[in-house]
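Per Swiss-Prot, these features apply:
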| type | residues | note |
| --- | --- | --- |
| BINDING | His606, His610, Cys710, His714 | Zn(2+) binding site |
Amino acid sequence: MVKANENEYRLNFFLSRGYERKICRSCSTPFWTLDKSKENCSDVPCTDYYFFDIKIKSPPLTVRESREKFLRFFEKRGHTIVPPKPVVAKWRDDLYLTIASIVDFQPFVTSGLAKPPANPLVVSQPCIRLEDVDNVGITFGRHLTTFEMAAHHAFNYPDKQIYWKDETVAFAKEFFTEELGIPEDQLNFKESWWEGGGNAGPCFEVTVGGLELATLVFMQYEIRGQDYVPLKLKIVDTGYGVERIAWFTQRTPTAFHAIYGNLVSSFYKKIGVGEVNNELLKAAAIYAGRIDPDIKETITAHREHLAKQLGLDLKYVNEELTRAARVFQVLDHTKTIALMLADGLVPSNSGEGYLGRLLIRRALRVLRLLGSDVKLHELIKDQIDYWKEDFPQMLKNKDYIVDAVINEEEKYNDTISKIPSILSTLSKKSKVDLDELINIYDSNGISPDLILDEARKRNININVEIPHNFYSIVAKKHQNALVRENRKDKIPKEVIDEINNKKIEPTVPLYYKDQYLRTFNAKVLLNYKNFLVLDQTTFYPEGGGQIGDTGIIRSIEGNKQAKVIDTQKYKGVIVHILDKDSPFIQGEQVYGEIDWQRRYRIMKHHTVTHVILSATRRVLGEHAWQAGAEKTEYKGRLDVTHYKLPTEEEIRKIEDFANYIINDRRKVRPLYIERTEAEMKYGVSIYAGGIPEGSEIRLIEIENWDIEGCGGTHLINTGEIGGVKIVNVEKLQDGVIRLEYVAGDMVSNYARQQDEKLNEISKLLNSPVSQINVRLKKHLEEYENLQNLLDKYRKIVLDRIQEIAERISVNGITIYILRDFIDEQLIKEVMRKITSNNQNIVISIRGKDTKNVEIATSKDIKVDKIVDELRKIGGRGGGKGTYGSVSITVEEEKIIDTIRSAITNGV
């Protein structure tokens with residue numbers, strides 16, 4: 001929908017070259033063309049695809065050739081080629097995946113905070129969009145989950161203009177006519193409007209023969225509520241479809257044939273289904289623009305039209321095109337999965353990992369629908385081999401990609417086993433709505449169509465309507481990251497109000513000038529109860545996983561003093577939290593001293609965290625990205641993304657790497673560097689520990705080992721750490737593992753604790769520490785022998801239990817009474833055996849003063865009433881179905897009489 005004034009689109013370029021502004025007779029959208037007879041905008045659905053018939057001078061171009069032609073064209077015209085960023089948007093805290101080339105420069109470059117890497121520039125950025133995942137294949141190439149957006153960008157500042165609309169449109173005309181040889185009268189510039197990321201502007205969609213080949217956006221407004229405010233920085237934001245250019249020049253039956261070449265036939269064979277006739281596919285593709293996947297009837301109409309035109313049976317057409325669409329989906333999804341994982345995504349139940357798992361499971365589901373037993377990871381290997389020159393990170397991370405997908409395949413199979421229990425729950429409901437379906441998918445990873453398949457097999461009726469775009473709905477719901485709010489809990493609102501009302505200037509952080517500075521003098525700027533703000537300080541405020549400093553602050557005269565028990569920060573203002581109301585007055589000079597021993601230990605744990613993170617990435621793979629961290633006086637904690645628990649050997653390697661770097665006494669230094677320069681020089685891995693703000697960022701460099709953004713305090717040499725010991729590794733959540741470690745003198749402290757535990761075990765085993773393993777092994781062997789012997793005795797008792805157990809009969813029901821049986825396993829086995837036959841109850845009574853009563857009944861007897869009667873005489877507990885447990889302080893005979901009475905009165 002065009003929102004801009006017509007003058008926004010009335011360019012000198014069009015007027016000088018004789019273009020006419022026309023209105024599409026189908027969609028009523030204005031467009032510019034040299035063809036005076038043209039009546040529509042040459043975009044689907046206003047027309048069918050007819051680009052197959054347009055004569056062009058360009059030879060058929062592969063995806064790689066299309067990309068190179070575009071990049072070199074703009075390089076020759078003064079644009080600097082910049083490398084693409086990963087498809088996992090690690091430099092953004094509000095977005096998981098790279099959905100467009102402009103994302104590379106948001107938010108810092110587009111806001112004017114940071115400089116672009118070049119101006120103007122050109123890039124071919126791989127992108128991933130999952131909001132149309134259900135449409136892939138159905139439209140024969142119009143929808144893809146992964147595509148390359150070839151783009152040239154120009155950033156126009158008030159004092160430095162690069163180029164704007166006329167030049168951008170001229171570049172498009174020149175590229176399409178001279179590089180691809182498209183007749184100029186076939187080009188159409190369709191007026192449109194773009195909005196995204198809080199910005200907006202007019203744009204042109206460049207269409208040829210029904211195919212949109214490019215979009216030319218002119219980002220010139222900021223959206224503020226209902227208003228569009230002109231931006232000082234005006235940005236040329238273009239996007240050319242590399243895959244569409246390849247399809248346009250190759251004129252293959254579908255876009256998938258142009259993108260994947262011989263992989264198409266290979267996938268048909270490996271999946272084990274017949275290849276669909278190319279003539280049928282080409283005919284289907286020509287009319288594919290008529291398909292609106294959100295309207296099921298358009299798919300039906302498309303296939304009916306095709307069957308009629310080609311004189312084919314409709315059932316045959318449906319079967320062939322459905323099979324082709326599914327194979328195309330597998331082709332598309334496997335490439336996207338390989339790209340995601342190659343760029344560091346770890347499949348999980350949250351964040352970007354959720355989107356990765358969603359696509360993996362959708363691919364597995366499609367393979368099931370195709371009746372294929374091929375392994376998904378085998379197909380992904382083929383994608384890696386096919387794209388390894390275009391995306392070398394795929395080959396570099398091949399082992400991780402394949403292993404992670406195998407792991408996901410195993411989890412998916414485990415998930416399938418949960419379907420019957422979920423089906424049982426849903427069958428009892430009158431209707432199952434979309435929210436519940438999404439909740440089931442989020443919680444269990446089970447898609448609704450799998451549930452329906454199982455329901456049909458079992459002849460179970462479930463009242464549910466599954467939207468055709470279920471995966472798209474779920475992906476859209478999870479595509480944006482949840483922006484975490486900065487916690488201000490430790491600074492009360494009253495203090496924040498005081499800071500804002502008095503316009504307190506940011507505190508000078510002396511700890512950056514000298515990280516070893518212990519004492520300082522400062523002036524009091526603000527007092528509020530036990531909260532104190534100074535003009536400068538060496539107290540480090542909590543942030544980046546490093547806890548806040550403690551220490552003392554006293555008056556220069558020494559007659560007033562308070563302990564600092566914590567340090568926090570609000571918008572650059574450092575707040576000292578005291579152990580009592582501040583004794584100081586505003587404007588007073590004070591003396592501060594941090595608890596140096598505590599800070600020094602924290603610095604060791606912070607620096608070693610950087611060492612360990614880099615070691616972890618070297619051992620586990622580059623996908624191991626920091627997901628959280630904490631550095632305290634006593635230990636460090638690092639959470640990293642990884643798909644399974646590391647082996648003991650991997651943990652040893654990480655620890656050995658870290659201690660090698662410590663013993664090698666590597667220099668550690670802070671660097672202050674312009675953000676864009678840092679990204680170009682070191683890559684987005686500088687954001688492994690978080691995304692710092694500002695145009696200039698602070699990096700911590702460990703010589704020839706690690707470099708990442710960090711605002712914490714560090715040692716100047718790794719040798720000062722002394723040593724590190726990993727003390728615990730555990731799975732924190734799906735896709736995230738936690739490492740805990742101690743450094744410096746905390747290593748000896750940990751060793752002392754371990755010695756104490758060993759000595760305690762030594763006493764218990766009555767063995768010297770050096771012989772613990774031998775003695776323990778012997779005890780375990782004896783224990784195993786005793787267990788075997790006990791199992792034999794249990795079997796003897798179990799075989800004769802109905803003969804030897806005390807029992808009474810009430811109303812035809814036999815009650816077996818087990819008094820003071822201490823073997824819990826035997827009790828359970830007795831209960832299971834006896835209650836397998838109807839009209840039986842087993843009661844186990846244990847304990848002296850307080851009796852623990854367990855009741856098991858056969859299926860024909862409900863335990864509830866028995867439990868209710870025991871509650872009436874003071875029992876506490878509950879029961880359901882055929883088992884109950886009650887704690888009670890009455891005599892055994894009273895318990896038995898109560899149960900007898902309950903049965904007499906009918907259970």
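Backbone N, Cα and C define each Cβ position, glycine as well.
Annotated features, which come from Swiss-Prot, shown on the structure.
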{"residue": "His606", "record": "Zn(2+) binding site", "Cβ within 10 Å": "27"}
{"residue": "His610", "record": "Zn(2+) binding site", "Cβ within 10 Å": "28"}
{"residue": "Cys710", "record": "Zn(2+) binding site", "Cβ within 10 Å": "25"}
{"residue": "His714", "record": "Zn(2+) binding site", "Cβ within 10 Å": "23"}
Open item on the list: I need the neighbours of the Zn(2+) site defined by His606, His610, Cys710, His714. Which other residues of that chain put their C-beta within 8 angstroms of the C-beta centroid, in sequence order?
Closed with: Met603, Thr607, Thr609, Val668, Gly689, Ile700, Gly712, Thr713
- [ ] Could you tell me which three-state DSSP class Cys710 (Zn(2+) binding site) falls into?
- [x] coil
